[in-house]
Amino acid sequence: MRAIYITGYMGAGKTTIGKALSKELGIDVIDTDQKIEEKQGRVIRDIFAKEGERSFRQYESEMLCSLPTKDVIITTGGGIVERIENREWMKENGTVVYLYCDPYVIADRLHEDITRPLFQKENVEAFVAKFEERRAFYEEAVIQIDTTNKSIQEVTEEILRRINS
């Protein structure tokens with residue numbers, strides 16, 4: 001089975017759905033952000049603070065291309081779609097799934113989460129604007145699922161149905 005790449009904005013449920021799919025399919029799930037943190041020896045928030053977003057995006061591209069492309073689910077960081085080479089890599093090497101969630105619902109979910117470097121709780125409009133900048137990139141995915149107000153099971157079952165059709 002080709003890799004399943006799960007994309008979407010921060011807080012859309014990529015990690016949660018990736019774990020649920022992993023359990024259903026009996027294959028590993030790899031989180032690109034977690035792998036970057038392991039390789040760099042620090043959390044993403046610190047990479048952004050010390051090296052900036054551009055360096056982080058380079059680490060992200062390198063990590064993406066180093067991961068397996070068979071029998072694996074890869075949950076990506078929300079900004080991985082900003083680079084065309086990343087979008088092309090995922091399309092060529094697997095099935096790309098976009099998890100959409102209303103950005104205002106996400107903002108409510110993330111209000112207290114300090115681990116999100118691009119989320120500024122005092123500026124929800126900037127958060128939504130960043131989502132809109134990326135939206136067309138996300139929508140290049142072959143499978144697009146609205147997770148707003150859906151359970152983990154509903155989303156997982158929908159992905160499985162669409163992958164197997």
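The backbone N, Cα and C atoms fix where each Cβ goes, and this holds for glycine too.
The Cβ of Gly13 (ATP binding site) has Leu99, Cys101, Thr147, Ile152, Val155 as same-chain neighbours under 8 Å, each 6 or more residues away in sequence. For Gly11, Ala12, Gly13, Lys14, Thr15, Thr16, Arg116, the entry in Swiss-Prot reads ATP binding site, with the evidence type sequence analysis.
Sequence-distant neighbours of Thr15 (ATP binding site) (same chain, 6+ residues apart, CB-CB distance under 8 A): Asp31, Thr75. Taken from Swiss-Prot, the feature Mg(2+) binding site covers Thr15, and the record attributes it to sequence analysis.
Its Cβ placed at the centre, Arg57 (substrate binding site) has 16 other Cβ atoms within 10 Å. Under the heading substrate binding site, Swiss-Prot lists Asp33, Arg57, Gly78, Arg134, citing sequence analysis as support.
Note on proximity: of the binding-site residues Asp33, Arg57, Gly78, Arg134, the one nearest Ala12 (ATP binding site) is Gly78, by Cα distance.
Arg57 (substrate binding site) sits 18 Å from Lys14 (ATP binding site), counting Cα to Cα. In this structure the C-alpha atoms belonging to Lys14 (ATP binding site) and Arg134 (substrate binding site) are separated by 16 Å.
Between the CA atoms of Asp33 (substrate binding site) and Thr16 (ATP binding site) there is a gap of 14 Å, rounded to the nearest whole number.
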